[in-house]
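Colleague: From TrEMBL, for reference:
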type	residues	note
TRANSMEM	C:16-37	transmembrane segment
TRANSMEM	C:49-68	transmembrane segment
TRANSMEM	C:99-118	transmembrane segment
TRANSMEM	C:130-154	transmembrane segment
TRANSMEM	C:174-197	transmembrane segment
TRANSMEM	C:209-229	transmembrane segment
TRANSMEM	C:272-290	transmembrane segment
TRANSMEM	C:324-343	transmembrane segment
TRANSMEM	C:355-384	transmembrane segment
TRANSMEM	C:396-413	transmembrane segment
Amino acid sequence: MSSWETNPVLTIEHLTMRFGGLVAIDDLSFNVGRGDITALIGPNGAGKTTVFNCVTGFYKPTEGRVVMHRTNGEHYLLERMADFQISAKAKVARTFQNIRLFGGMTLLENLMVAQHNPLMLASGYSLAGIFGLATFRKAERQAVEKARYWLEKTALIDRADAPAADLPYGDQRRLEIARAMCSGPELLCLDEPAAGLNPKESGELNTLLQYIRKEHGTSILLIEHDMSVVMEISDHVVVLDYGEKISDGTAAEVKDDPKVIAAYLGVPDEEVDAVEEEVGI
Amino acid sequence: MDYFLQQLINGVTLGSIYGLIAIGYTMVYGIIGMINFAHGDIFMVGAFIALIFIVAFGITAGLPVALLILALIGVLVISMALTAAWGWTVERIAYRPLRGSFRLAPLITAIGASITLQNFVQISQGARNKPLQPLISGGFTLSDGGPDGSGFIVQLSYSQILIIVVTVVLMVGFTFLINKTSLGRAQRACEQDRKMASLVGVNVDRTISLTFVMGAGLASVAGLMFLLYYGVIDFYIGFLAGVKAFTAAVLGGIGSLPGAMLGGLLIGLIETFWSGYFSVEYKDVAAFSILAIVLIFMPEGLLGKPEVEKV
Amino acid sequence: MSAKSENLFMVSLKDAAAGGAVALALFGVLIGMKAEVASGLGGQLGIEYRWAAVAIAVAIVFGGRLLLNLFVWKTDKPVTATAKGFLPSAKPLAKLGKYAMPVFLILAVVLPFLLMSAYGSRGSRQYLDLAILVTTYVMLGWGLNIVVGLAGLLDLGYVAFYAVGAYSYALLAQYFGFSFWICLPLAGILAAFWGIILGFPVLRLRGDYLAIVTLAFGEIIRVVLLNWYDFTGGPDGISGIPRPSFFGIEFERGPGGFADTFGLEYNSIHRIIFLYYLILIMALVTNFVTMRLRKLPVGRAWEALREDEIACRSLGINTTHTKLTAFALGAMFGGFAGSFFATRQGFISPESFTFIESAVILAIVVLGGLGSQIGVVIAAVVMIGGFEFFRGLEEYRMLVFGLLMVVIMVWKPRGLISTRMPSITLSGKKAKGISADLVQEGHG
């Protein structure tokens, strides 16, 4: 029995998403193991980002269930929650394929915004904050420390007071991860974190992700095209094609799955049939 | 029932005028995504130019019908041309320098242009109402109120027929222009993707200018219709008519020409029926409430395309 | 004369001629022919021809364009390039922003005394009235800046809350006899309440749609005020609104009045000075609260919302609540300013709350530079002060006002002061301002 079956952090059951007549995801079920790095892969247009949007509440799935199991034993049905509550209560954070930073704000400010909810509470919904009460000042100091920690971990501390839009591309990707981590997630969903990175940056990203998983116990679900990243760091790989799951297992298992090879290399249909016959489906 | 019929006729007439103005809003919004706040005032300028020429040419109801029609067509052509020049100038001075800049800037210049036009006309033409003797009188009596004369008299006046006919003709011509000519194609291309359009050889600045020119031309037609129908104008008519026409454009689905016309008709009908059955004072509240309700529950309008939020 | 400059002259001449032709088309009818009700024609319209005025207008356009072409637009070395050496460049202007605040503040505090010593109590009254007006617009600008500048929500109906504040005070005073100091908070609360009621359904709209719906709400409130005769007095408005007292001490002649209590000689200017300090304090409170909130989580959430709403939602920020707080707070300050307006005028009618007021307040915020508090002050002084300064121009000043809005916006689309200062820094005071090119303007 693999860890994602015995101790999942996220279970997706019979998820279906239709846009008018188009079926983007069709009856998809898989688990994300607690503490695992899970990769969601598949050719372009397979529905990966749609899965993310369903998990993080930006789309309401047509059918199916998405359940978040938090470490404190609470369960959340994500398909019923508003997007902001998924981050605030269910502790699922995400990044975006086409980076969404607060470009006109500094790096530090970006990370402070990510700690909005606890700070809001500490500021007594702004009332205590206006008069600068000590409890709020303390909470703010802690928030700055947390931000400083993540800026150091992502090697961005030197530019803490620069506007986010000024950062080079690779740094923006890391800042987005740092910002997501500042919201204190138990599940971190990364949409193509390595896209557009050079091999060195890509290697640093792997180190960062493994550090997050190891030191903070945060489970990671990521969409990725770069197979070297996937094979190197993933404990569990789920393969989608045309909205359906075609393979699910460890990196090594998936790599040798003929259906995955067929989906990626785009073999003619007859050959797929031949391969399928060979493996017996 | 007769009362209803009369309101229907009045509503369609008013709606035609709103629809003609609304086309200008919808085209400009479609192509550069801004509310041309000064468009209502362009309509007002059109009405003034038409009035000046009607008076200058000495056009009165006393002329023979054929001559009267010919003279009005002459006034229409001149005032379309001159109003179009105003539309072109406003775009050239207030909007083109800000193209591709920050979104609020053209909105502010549009408000500035609107204030400028209103006050320019107020100064140059005087603040007082301009009453015009009716040029086209008479009409068909559809219902004379029954044998005992106790019912409601329903009339379809010649000026109403004129307004509706001109609007239909212009709509047909305009739809043809947008759908079948190269100008229309260029316009639709700019609407989709301005950068790409310029890469494949569309002169974007010229296309946008022409959009303003066409919108202003139609607004001047609406101005003449307004003048003939109500017989009195002042420098302030542009604001309210403009807001209502914009409401019409949004109601019909902004960016859609048939939508603008449909929206215009609906706003005209709603306003007329509200005045006819409830209260005249609150007719503007009715129109504005419709605007708010439509935008809140159906932001894409009746014939518009829904906007999908991209994550 | 070399061939090149001759060429330049010809090109410029041609261009100016084209400009003149357009001007002729534009002005020929509207200036040249005035449709006026002639006295001899029994109420019929006649045309008054004024070709000389057209000739002047066309000559101005032709000449102006020719000169601009020759010396600014088309030459290799325009005079403006030379003139730039004399004009302050943008950088010191940004620095100016830093020091301008204390300078303005000191000036604002001592202004009545300066005026009194310069013009005497009788002569300074009109200047004090102007200062009160400008400060009212500064306060309104600051209030709207929360909504438009920080949260990026385009509100074209801000005057509605100004009206709610003014009418709340007038009606509460009329029906219940409440004093200014009780009505002021109530008016603010009522305005905020209306802000929430109007804001709730419309805040999911984006950009221009939000603008047009807020405009519609502003007009609805005005039409209701105009037509609800029994309650609001309709177009006649409400008069006899009580004047504010100095915490209970009235500004009147005789024993118990302000002058008597403080052992001064009675002078009607006391009340004007009091009103000035009252609005100054109200405006400064607005500024203080805004600047404080900007450094608090809610303020940062507003700015984040302006930058990217979807990212905000992914970080657990309730965007509806966040927008509503901005909207309600802006409305509240508008309401405060409204009740001040009512008590200063003693009379209010729907005419004071037309769309043009909203447009002026928004113009102050945008011209000043979105989100910039000091920019609002400068823009209010320039626009409102300038507007009153040209009172002698009578009807022309609204025309100039409209033209100025266009010209300033084309010249500086981002407003006069457009640098954003970070709300918090790691390195302390050293942090630099953020260029306006990077700051988003919001979509909602």
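Keep in mind that glycine also has a Cβ here, set from the backbone N, Cα and C atoms.
Annotations in TrEMBL come from automatic prediction, not curation.
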Colleague: Does the structure show the transmembrane segment (C:130-154) and the transmembrane segment (C:49-68) touching, where I'm treating 3 or more Cβ pairs under 8 angstroms (sequence separation 6 or more) as a contact?
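Modeller: Between the transmembrane segment (C:49-68) and the transmembrane segment (C:130-154), which are separate recorded stretches, there is no contact, as judged by 3 or more close Cβ pairs.
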Colleague: List, by number or range, the same-chain residues at least 6 past the transmembrane segment (C:272-290) whose CB is under 8 A from its CB atoms?
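Modeller: Those are 105, 108-109, 111-112, 125, 128-129, 131-132, 135-136, 138-139, 142-143, 145-146, 150, 244, 246, 251, 258, 299, 329, 333, 336-337, 340, 343-344, 373, in sequence order.
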Colleague: Give the nonlocal contacts of the transmembrane segment (C:99-118) in its own chain as ranges (CB under 8 Å, at least six residues past its ends).
Modeller: 124, 127-128, 131, 135, 269, 273, 276-277, 280, 284, 373-374, 377-378
Colleague: Restricting to the same chain and to residues at least six past its boundaries, which positions have a Cβ under 8 Å from a Cβ of the transmembrane segment (C:49-68)?
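Modeller: Distal contacts: 12-13, 15-17, 19-20, 22-24, 27-28, 31-34.
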